[in-house]
């Protein structure tokens, strides 16, 4: 019996009561609107001021926020549709899952790149301008997308090659394991996630410990730098925990089969929503330059509403 069949059967047998389903959906939608509202303000602030889109650090931040918006919006659509329609067309599910996976896997890679940029800015400041250029930053963003595509698109190609085309016209409960159910895909996913974990965590630990050591020896803003590094590390930990989500969901399914829908909800909030709520705080609100221009933007918006 396949894992996808077990997942769908368990969810179908233990669907939430109307009150619980409404409660979960209200929480998810409110979080989505709140996060996207802040992110839209950050994006518009970025686009209106040249100081940001000529700086590699803010370009990477813009890419991170844009990914967060795509990821949160798509996953909320999937979450809400799973309660409204329960089952949706496999082809539509594949498109939504693939786009959500691109944005999800981009985030840890983007954070690793931001860690490297931070390391260069603090530890090799004299070479920062030569190394971190706008052109190289845009090429790096392209490399991030290419890496995510090379990780995700094989799932689609393997499914097209091994599953009858009639399956893509049917309706299923939309999970990654439901539409991409070939055992080779699951093995490939596990290997890919392990490689990602090793590479990204090596970059994070190396760069941030270097930055932390430099911040401790610096005379200015040492406390702020250490606090920022702690927040960076917490966000990366949450984002990278997405790689352990499939294993955790399997364990929760075995331990709490009757509460499997609650387990899915908890995993969704913890691994998908929470990391995206931290980005605006770490890189937007706490950054002096960005905060100054963001205040101006919000003040102008308030005036336009009043008058």
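Counting begins at 1 with the first residue displayed.
A Cβ is built for glycine as well, from the same backbone N, Cα and C atoms used for every other residue.
Those TrEMBL annotations? Automatic predictions, nothing curated.
Per TrEMBL, the listed range annotated as transmembrane segment is 225-243 (candidates: 225-243, 244-262). Between the transmembrane segment (109-126) and the transmembrane segment (193-213) there are at least 3 Cβ pairs closer than 8 Å, counting only pairs 6 or more residues apart in sequence, which means the two stretches are in contact.
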